[in-house]
């Protein structure tokens, strides 16, 4: 079940909210836990057992770490055990078939060199990726590490810890929260009609961004894939890259706003995940504004423990390399994600060495740089097949001859999508959000939200909804 579905909007959410608010305050967490596990079970019921196992294992390990605080060796043993379990489960479900495919490919390569024609392939495993496993794994890993380092005390209530891991507004696609972000709210939340109203408004805005912009502009990328990368003109290749950039942003940002909105409706304040990233003047700044909670997680639990930028340029390069390779792999078990992460590593390292100073001196140069770099980088993210990536880049930079290219295809699609592009560019900037925050209770704002809500529902009723792009991560 997704937030932008009629089933969630008109069945699950209202029924859950009614049950939640008619229940006395001290029992509401029971409703929340049952509702969260019920929500998760709509995706794949058997995977509820996996998340329950993660809760039990990490709760128990954290308690043991807390009991062993005066015995460093024992405490470290429990930490390693926890990390092996959490990362091992993530590896098994998300990366095992990627590893098998690469072993088979290497075997074929070696066999060809040796002239062997018959080899034994390892059969891939028939396993589905559990929804949200990348997100909730990072949450439990941060919890165990924080207990180990003494930042927080091990939670004694398994019920409270289960809520932290499974709370449905942010379970499947974030925002990623640490235990210290939310522990107080798990037992002492502030409720008010104004907070509920604000949550509802944020939810509607997120719904509109997802359904009315991301899902509509997605048809452009679908059409380009149907045409074939080798048959698109260079201008259309760039239009497609920019369109995909907007689609991905409004899809994920829309989901995050819906999650934050639902959280507010039940009394929680969840962290924002985006801060107008397309207004950035460097790739470094972009990744401080995009998927903020993921970037913060890698900074706090990988980059800084490895030494950050405090040990010279060679160590800085190594640390950034590890962080961005892992960031790429976190997004998917495919070589295009690895290359995407390594491209970002190279760009950010170059910026830190000298380019950032140049970009800071010229706003115009910085804008042109970002207008080229970000769409190009997203193509590595969007296209799984590396051969197709090469073809697409070849068409973007006109170094690969096209096949049956229609020279006027760009004009056709500009006519079709010009208003969506203008809307996307406008809502990528902070001006509309600032106006809404300032006038959120005004009649024009309320009318706007009503129109956005019902037009979104109309689109959903016509069956034109796409799944959230980040669900596959």
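Placement of Cβ uses the backbone N, Cα and C atoms for every residue, glycine included.
Between the listed ranges 122-145, 266-289, TrEMBL ties the annotation transmembrane segment to 122-145. Matching 49-66, 103-120 against TrEMBL, the residues noted as transmembrane segment span 49-66. The highest tally of CB pairs under 8 A with the transmembrane segment (199-220), across 122-145, 227-246, 364-383, 442-461, is held by 442-461. When the stretches 6-22, 49-66, 157-179, 337-355, 419-436 are ranked by Cβ pairs under 8 Å to the transmembrane segment (442-461), first place goes to 6-22. Counting same-chain residues at least six beyond the ends of the transmembrane segment (49-66), those with a Cβ under 8 angstroms from any Cβ of the stretch are 37, 40, 75, 78-79, 81-82, 85-86, 89, 130, 133, 136-137, 140, 143-144, 147-148, 153-156, 158, 161-162, 165-166.
Using a Cβ-Cβ cut-off under 8 Å and counting only residues 6 or more beyond its ends in the same chain, the transmembrane segment (6-22) has close neighbours at 28, 31-32, 35, 39, 207, 262, 265-266, 457, 460-461.
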